[in-house]
Structures are given as C-alpha cells and as structure tokens.
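*Asks:* Have a look at the structure that comes next, please.
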Amino acid sequence: MINQERILAEFLELVQIDSETKEEAAIAEVLKDKLASLGFSVEEDDVASKTEHSANNLFANLEGTAKGPAILFSCHMDTVVPGKGVKPSIKDGYVVTDGTTILGADDKAGIAAIFEAIRTLKEKNLPHPSIQVVLTVGEESGLVGSRHMDASKLKAEMGFILDSTGKVGEIVKAGAGQYRIVTKIHGKAAHAGVNPEDGISAITVASKAISRMPLGRIDEDTTANIGRFEGGRAYNIVTDYVEIWSEARSMVNEKLEAQVKKMTSAFEEVASELGATCENDVKFMYSGYKFDESTPVLQKAIAAVKRVDREPKLTSSGGGSDGNVFNGHGIPSVNFGIGYEEIHTKNERMPLEELYKASELVLAVIAECVE
Ligand SMILES: [Zn+2]
C-alpha cells in the first residue's frame with residue numbers, strides 16, 4: 001500500500017543528514033518540517049539544555065479521525081560514529097554504505113517507515129486514532145534523550161518503538177530495566193607488617209560483601225554484575241579505600257529492586273560488622289517490562305505483524321531501549337524488529353524489502369487500533 005520509491009528516496013535523504021549522537025540539531029530541523037508538512041502539531045521539550053545534546057526530543061501529535069486507543073510511534077534521530085558524510089548506494093536489494101561510515105538505518109529506517117505510513121494514511125484517507133510520533137535524541141549515548149525527556153508531553157495509551165534488530169515480525173515483548181551502583185568503602189590504613197590489627201581493610205570488607213551477594217544469572221529475568229573494583233596503594237598498607245561499580249538488570253521491576261537491595265545491604269552489613277563505612281550511590285537507569293499475550297499492546301503488535309503476512313516472533317532484550325523509558329512512564333510499549341543489519345558497524349545495511357515492510361507494519365498497527 002505504501003509508495004516504495006517515495007520511502008526509499010526519503011530514507012536516502014535522511015541517512016545523508018549527519019546526526020551523530022550529541023549533534024542532532026540539523027536533523028531535528030528537517031524532521032520538524034517533515035512532521036509539520038504531514039499535518040502534525042510539533043512540540044519539543046528542553047532536553048538540550050539539560051544534557052550535552054544539541055536538539056530536543058520531538059513530540060508530534062496528529063488528532064484522530066476514528067475511535068481507538070491513542071498510540072505512539074517512536075524512533076531515535078541520533079546515530080553512532082562514524083556517521084558523518086554517509087554515502088549510501090543500492091546493491092543487491094540493500095542500501096549500503098561506501099565502507100567508511102555507518103549507514104544510520106538504526107534508526108532512520110524506522111523514521112522513514114513512520115513518515116511514509118502517515119503519508120499513505122493521509123493520501124488514502126484512512127481512519128486512524130490519535131497518533132503521537134516521538135523522535136528522541138541521545139539514544140545511542142545511553143538513552144540520555146529519553147531518560148531526561150519531559151514525560152508530561154507523552155499522550156498515548158500504548159507505544160510502538162521501531163528500533164530493534166531482527167526482521168519485521170520480531171517483537172521485543174520484554175526488556176530488562178537497570179540500576180547502576182557505585183559503592184565507596186572507607187576502612188582504616190595501618191602498616192601491614194607492624195600493626196595490621198589497627199587497620200580495617202576496605203578490600204576485605206568489599207570481598208566479604210561481594211561473596212554474600214547473588215551475582216551473575218539470578219533467574220530468567222534478572223542478572224547482576226560487579227564490573228569494576230579499584231583500590232589499594234602498596235603491599236605494606238592495609239587498604240583504607242576501595243570503589244566498586246556494579247549493576248543489576250531485570251525485566252521485572254520488583255525483582256530489580258530486590259536485587260539492588262541485596263547488593264547494597266551486603267556492603268552496608270559487612271562494613272558495619274568490620275567497623276568500616278560505606279556509601280552506595282544507586283542510580284536508576286530505566287525500568288524493565290515484560291508483557292504476556294493478554295496485554296493489549298502486545299495483542300495489537302501480534303495482529304499487525306500477521307496483517308503484513310509475517311510470523312510474529314516474540315523476543316526479550318537484556319539491553320535497554322527508549323521503550324524501557326516509555327514503559328517506565330506508564331505507556332506500555334513494545335519494540336519492533338525493522339530488519340536493519342550489522343548496525344554500529346561500517347557494514348551496516350538495510351534490506352529494501354524490510355524497509356517497505358516496516359512501513360506497512362506501521363499502517364497495520366494503526367488499522368488494528370481503529371475501533
Ligand atoms: Zn537504535
């Protein structure tokens with residue numbers, strides 16, 4: 001139903017606009033104009049003033065012409081490096097680079113898919129519920145854009161992110177949330193040979209605490225890791241200070257909270273038992289989510305995939321996406337595979353068939369949401 005020539009032209013146009021993460025200003029202007037010409041009223045937040053990014057997140061709203069849940073589609077506008085001066089060409093059914101840069105199909109294929117779907121929707125006068133398109137900055141720099149977004153601008157009942165590997169048909173129905181912890185343990189220095197009994201070894205405190213906590217694969221939803229351990233100065237000094245970096249992830253937020261508590265309290269308990277002190281600096285990164293097939297957003301996603309003649313393939317992700325953030329703000333959201341390949345490398349490529357299919361999928365989601 002979509003216009004293949006038109007989406008390909010727009011995709012090629014978008015990938016040739018430099019938008020390495022933190023340098024999104026130029027593409028944001030283009031995207032704002034395009035959204036406005038598609039009939040959206042476009043707002044932005046103030047994330048550029050709060051982060052190192054040069055543009056704001058865009059929130060574009062299109063009023064519904066039919067009943068149905070208000071839906072959100074989202075992609076990110078930034079790319080990884082090296083992403084400047086992309087020279088795309090078409091080879092054997094793929095859009096490829098000249099080998100000196102990434103392509104930026106991650107995530108511009110998603111953006112092109114949404115835009116072409118909306119253009120088709122308008123052209124063919126198809127009914128649709130209220131649609132919000134959210135285009136974020138700073139996804140590649142650790143979800144910085146979405147994590148600092150002005151969530152009061154979000155207006156949907158359910159969300160569909162177009163930013164996952166896997167062919168069209170793949171649906172990420174669970175994603176791990178994450179906490180990061182920096183633990184600082186202060187012991188007491190002493191001469192290791194002369195009067196070690198006067199010292200309190202921060203290394204001993206930390207290692208006893210670590211041995212008490214569950215780590216690695218905790219259960220099917222949850223993982224935890226000590227990623228860095230630094231401290232100590234010399235053979236002959238009882239170590240008075242160590243710093244430990246750790247993380248916990250879980251698809252289930254209650255399990256995530258419980259795991260973080262086990263880790264921080266192990267440090268606190270052992271520190272107190274051995275007369276040391278400890279500070280845990282716990283940083284929430286983003287929420288986890290896990291849907292079963294009774295969840296409306298997943299039902300719609302599955303039905304939409306079938307509507308475009310693909311087999312739904314449900315997957316989980318241990319990494320984060322903007323979808324985690326939307327879920328954390330109470331908008332149940334799934335992430336769709338859109339077929340891009342070898343992302344974050346100079347071999348990144350986009351199968352034309354998947355580009356077209358991804359756009360058809362957006363139309364199918366909209367059709368599924370009309371009541
Ligand atoms: Zn991406």
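Every residue gets a Cβ built from N, Cα and C, even glycine.
Unlike curated entries, TrEMBL annotations are predicted automatically.
Note that this is a predicted model, so its numbers are computed, not measured.
Sharing the feature lines straight out of TrEMBL:
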BINDING   Asp106, Glu140  Zn(2+) 2 binding site
BINDING   Asp106, Asp163  Zn(2+) 1 binding site
ACT_SITE  Glu139  active site, proton acceptor
DOMAIN    176-272  domain 'Peptidase M20 dimerisation'
*Asks:* Under 8 Å Cβ-Cβ from Glu140 (Zn(2+) 2 binding site), six or more apart in the same chain: what's there?
*Replies:* Thr21, His76, Asp78, Thr79, Val80
*Asks:* At the level of the C-alpha atoms, what whole-angstrom distance separates Asp163 (Zn(2+) 1 binding site) and the residue listed as 'active site, proton acceptor'?
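*Replies:* The residue listed as 'active site, proton acceptor' has its Cα 10 Å from the Cα of Asp163 (Zn(2+) 1 binding site).
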*Asks:* In angstrom units, rounded to an integer, how far apart are the Cα atoms of the residue listed as 'active site, proton acceptor' and Asp106 (Zn(2+) 2 binding site)?
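*Replies:* Here the two Cα atoms are 10 Å apart.
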*Asks:* DSSP three-state call for Glu139 (active site, proton acceptor): helix, strand or coil?
*Replies:* coil
*Asks:* Count the other Cβ atoms sitting within 10 Å of the Cβ of Asp106 (Zn(2+) 2 binding site), across every protein chain shown.
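*Replies:* Excluding its own Cβ, Asp106 (Zn(2+) 2 binding site) sees 27 Cβ atoms within 10 Å.
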*Asks:* DSSP-wise, what's the residue breakdown of the domain 'Peptidase M20 dimerisation' (176-272) into helix, strand and coil?
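*Replies:* Going through the domain 'Peptidase M20 dimerisation' (176-272) residue by residue, I get 34 helix, 36 strand, 27 coil.
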*Asks:* Go through Glu139, Asp163, the listed recorded positions, and name the one with the sparsest Cβ surroundings, counting other Cβ atoms within 10 Å.
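*Replies:* Relative to the other recorded positions in Glu139, Asp163, Asp163 has the fewest Cβ atoms within 10 Å.
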